[in-house]
Amino acid sequence: MYDDMMQMLNKQAKLNRRVASLDYRVFSSLLITTLLIGIILMYRRGCRCFHAGWFLYREDPLSRDQSALKRFSARNPERSGVLRHIYNNAFLRKVPILKGTSVGKIALQSSFLGIILVLTKVANPDPFSNPKRFGFLATVNLPLLVVFSMKNSPLAVLGIGYEKLNFLHRFIGYIVTYLIWIHGSLMLKLAYEGQIHNNKAIYSGCLMSIMLLLLWISALPPLRKTFYKAFYALHISGYLSLFIGGFFHDPYLHIFLILSVGLHVISSGWQLLKWKKVQAILTPLPGKITKVEILGIKSGWITGQHIRLRVFGNFFQSLQAHPFTIASIVSSSDREANQIVLYIKAVGVFTTMLYARALDTNGFKNIETGRNSALSISPEHSSRIPSNVGASTRSKSHSSHSKGNYASCRSEIELAKLENSESTSGSDLALDLPANVQIGVHIEGPYGGIGWEDIHEFKDVILFAGGSGISFLLCMLSDVIESAKLNRATERALVIYTVREWEAAKYFSRILNEKINASIQSSISIDLRLFVTQKVGQRPRPSKEVKIEWRRPQLWNLLKDFLKDVRDGQGVGLGASGPPSLLDEVRNSVAKLDMETSQRVGGVKVYIEALGW
């Protein structure tokens with residue numbers, strides 16, 4: 001009986017290999033086609049796509065390629081409007097039941113799942129009598145699983161960041177896990193019945209199944225968000241267990257495991273090439289925001305990209321890399337002034353530590369998490385972080401404590417200083433707080449981006465940001481203004497910023513005003529609107545240049561009013577960044593547009609930078 005079973009399994013294995021080969025041939029063909037499309041798009045956009053957006057450089061930037069800045073007008077505006085309308089309805093409109101999922105994402109995931117289901121049935125009338133089919137299908141999808149997890153994926157030629165493709169990595173991971181569980185449970189049944197006796201394969205298979213179970217549990221969104229460090233550690237150990245166990249499980253797995261490891265090594269090696277050890281200046285700002293100025297980096301990034309930041313502290317802090325959007329652009333008009341600028345809001349442990357570090361030279365090293373939002377140097381003595389840092393994390397029982405001397409920390413940010421600094425020149429306000437704290441950091445990047453169709457190619461542009469999405473808004477606005485000075489591409493822009501704290505609103509309104517004043521040389525018309533959601537007893541007097549409203553913005557009404565004045569129908573660019581709830585409102589507002597409006601304006605091209613991914 002044992003010999004008959006082994007003979008049947010070996011016969012099935014040959015057919016299973018041929019069927020499984022169809023899987024990786026189909027997906028390999030799709031990947032190669034996608035890469036070719038990306039290279040064609042890069043070539044069409046000019047040489048800027050080849051020399052910018054890949055590495056950060058310390059030397060002065062190359063002069064901006066004028067040919068790359070020309071406006072790509074749609075040859076058939078109505079057709080472009082129809083295509084963009086269909087795309088927006090598919091990929092922007094959220095499915096109510098499934099959080100963070102669009103119809104387009106479900107379509108892609110369903111297509112992948114459909115191919116897998118078909119391959120389980122090809123020449124296989126009873127799939128559950130052929131357990132190795134599930135194992136082979138799981139194996140051939142391991143390289144694809146790694147491709148969508150790579151920070152330096154070959155799919156970057158599409159101008160799409162790894163973070164926007166990560167949903168496919170998670171979905172393929174779930175499918176691979178389910179396939180291995182089905183394969184393992186059926187094989188264990190045969191082993192229990194005494195029909196197979198391959199102990200090495202059974203033990204290694206059990207190891208992989210257990211690790212995948214732990215990975216599956218830790219990858220559930222609530223657990224991943226709450227216990228991210230545990231999830232990260234399990235991810236690394238799980239991958240190692242999967243690859244080691246796979247080598248002992250079946251010789252057929254070797255080629256796919258080697259390919260998967262090779263892809264991961266290439267991505268990690270590329271990451272090392274993107275590392276830079278630099279100095280950074282930290283400045284505390286109102287609203288629990290830290291301004292980080294990276295010294296010595298002059299060029300290499302493009303609009304909408306981000307870097308991963310490490311701050312030297314203890315061993316575990318040095319291992320943490322956190323992504324932050326670059327708020328500055330590579331300007332060709334003032335090359336010496338080019339530098340990377342980040343605006344980081346204190347909303348978690350790391351960002352709270354960074355803000356405390358900006359306030360005190362020993363802050364980052366000495367802060368530890370605890371139960372209170374106060375900085376304590378002893379049970380008898382404590383001093384609060386300015387602007388009440390840590391209040392936003394109180395609900396999660398996070399806190400910040402220190403062992404050092406925090407005499408330089410002020411009890412709170414003095415609003416009187418804000419009110420009396422109207423005449424202060426420059427962007428930074430005189431807040432009577434420690435400034436210009438210089439620290440050593442590691443930066444890695446650039447990563448991400450908004451694609452090869454730049455927002456400055458549109459004559460009509462809408463920029464919207466909420467909270468710490470100001471970094472994305474500033475870089476997009478700077479890019480639009482810089483391009484307008486060179487070739488007058490964008491003629492009209494609506495800039496909307498919504499924030500909770502009035503102090504932060506006041507600070508960034510000045511920066512935005514400086515940007516608008518710099519656009520006087522061009523013909524661009526910019527309408528700046530500021531929305532403050534914090535309830536205050538006495539509302540400060542707004543400036544003449546900024547329209548301030550003390551409520552949440554009605555995005556649907558703002559979008560409709562703006563589109564009424566669009567004339568040429570060459571398309572509208574919309575960039576948005578902020579908390580998930582705000583971005584969902586942006587997506588739904590664009591998806592609600594009717595076909596007639598989309599055809600009239602040429603469609604709305606949406607650029608989304610999500611926070612907290």
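Numbers here mean position along the shown chain, with the first residue as 1.
Just so you know, glycine gets a Cβ as well, placed from its N, Cα and C.
Listed features, source TrEMBL:
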type	residues	note
TRANSMEM	24-43	transmembrane segment
TRANSMEM	134-150	transmembrane segment
TRANSMEM	171-190	transmembrane segment
TRANSMEM	202-223	transmembrane segment
TRANSMEM	230-248	transmembrane segment
DOMAIN	268-387	domain 'FAD-binding FR-type'
REGION	375-405	region 'Disordered'
COMPBIAS	375-394	compositional bias 'Polar residues'
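Highest Cβ contact count with the transmembrane segment (230-248) among the listed stretches 24-43, 134-150, 171-190, 202-223 falls to 202-223 (criterion: pairs under 8 Å). Tertiary neighbourhood of the transmembrane segment (24-43): same-chain residues 49-50, 115, 140-141, 143-144, 147, 154-159, 452, selected by CB-CB distance under 8 Å and a gap of 6+ residues from either end. With a cut-off of 8 Å between Cβ atoms, the residues of this chain six or more beyond the transmembrane segment (171-190) that come close are 5, 109, 112-113, 116, 128, 131-132, 134-135, 137-138, 141-142, 144-145, 148, 196, 201-202, 205-206, 208-209, 212-213, 215-216, 219. Note on the domain 'FAD-binding FR-type' (268-387): its mean pLDDT in the predicted model is 76.
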